[in-house]
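If you check Swiss-Prot, you get these features:
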SIGNAL    1-21  signal peptide
DISULFID  Cys29-Cys74  disulfide bond
DISULFID  Cys40-Cys58  disulfide bond
CARBOHYD  Asn46  N-linked glycosylation site
CARBOHYD  Asn50  N-linked glycosylation site
DISULFID  Cys59-Cys99  disulfide bond
DISULFID  Cys72-Cys108  disulfide bond
CARBOHYD  Asn88  N-linked glycosylation site
REGION    119-182  region 'Disordered'
COMPBIAS  144-156  compositional bias 'Polar residues'
COMPBIAS  169-179  compositional bias 'Polar residues'
LIPID     Ser172  GPI-anchor amidated serine
Amino acid sequence: MSKIISLVVAMIAVLALPIRGQQQPLSQCTPSMMTTVSPCMGFITNSSSNGTSPSSDCCNSLRSLTTGGMGCLCLIVTGTVPFNIPINRTTAVSLPRACNMPRVPLQCQANIAPAAAPGPAATFGPSMSPGPETDPIVPEPTPAAQTPQSDTTRPFTPSVDGGAPTSDDGGSTSRPSETPSSAYALSPSLLFFSIALVALKFY
């Protein structure tokens, strides 16, 4: 029993270190907080019938977020919520002023500023492939003594490793890169919960 308790305490300590050091701002918006601001969705996505001003329900839900969900409110106002919502940044930024809450953008700057330089993130699972290099690739000049190529193109032949096809004449193909929406990271709390279940199963 004491081994399991010490294992659980060690896991909590290990999982709490990256969380305390990083405080990712995107994790501050939960689905329940997004439900709270659902009256504002029509306004910040430019799909409301009113279009020019938010409803009183929207402003009230915005005020309720200032007490317990300022981080989420800042993400909504800046248009960087971690959900797939087509937020119009211009109308989202104007939302606090339209609701007569002019201090919200200043509070958001103070709230977001420390999270601008997080430490290295520990992710579990596939990560995005690196982007293209900034230095342009300059092809080497071809020597003049080469034999002339025929005008007909050669057909593509599959490579030995079965990967992407290549051509005999030096042509290249590119592999599709992983998009941010297809990349994922495993939540530390989910990892902890899974390990705790395994530990309890063998107890």
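Cβ coordinates are placed from backbone N, Cα and C, and glycine is handled just like the others.
Locations of recorded Swiss-Prot features on the structure.
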residue: Cys29; record: disulfide bond; CB count, 10 Å: 22
residue: Cys40; record: disulfide bond; CB count, 10 Å: 26
residue: Asn46; record: N-linked glycosylation site; CB count, 10 Å: 13
residue: Cys58; record: disulfide bond; CB count, 10 Å: 23
residue: Cys59; record: disulfide bond; CB count, 10 Å: 20
residue: Cys72; record: disulfide bond; CB count, 10 Å: 23
residue: Cys74; record: disulfide bond; CB count, 10 Å: 23
residue: Asn88; record: N-linked glycosylation site; CB count, 10 Å: 14
residue: Cys99; record: disulfide bond; CB count, 10 Å: 21
residue: Cys108; record: disulfide bond; CB count, 10 Å: 20
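Spatial neighbours are here defined as Cα atoms within 10 angstroms of one another, and by that definition Asn88 (N-linked glycosylation site) has no neighbours among the disulfide-bonded residues Cys59, Cys72, Cys99, Cys108. Relative to Cys40 (disulfide bond), the disulfide-bonded residues with Cα atoms inside 10 Å are Cys59, the candidates having been Cys29, Cys59, Cys108. Spatial neighbours are here defined as Cα atoms within 10 angstroms of one another, and by that definition the neighbours of Cys108 (disulfide bond) among the recorded positions Cys29, Asn46, Cys58, Cys59, Cys74 are Cys74.
In this structure, the CA atom of Cys74 (disulfide bond) is 14 Å away from the CA atom of Cys59 (disulfide bond). Checking each of the recorded positions (Cys29, Asn46, Cys58) against Cys99 (disulfide bond), the C-alpha distance stays within 10 Å for Cys58. Among the recorded positions listed here, namely Cys29, Asn46, Cys58, Cys59, Cys29 has its C-alpha nearest to that of Cys72 (disulfide bond). Following the DSSP three-state reduction, the secondary structure of Cys29 (disulfide bond) is coil.
Distance noted between the C-alpha atoms of Cys29 (disulfide bond) and Cys58 (disulfide bond) is 17 Å. In the three-state DSSP reading, Cys59 (disulfide bond) counts as helix.
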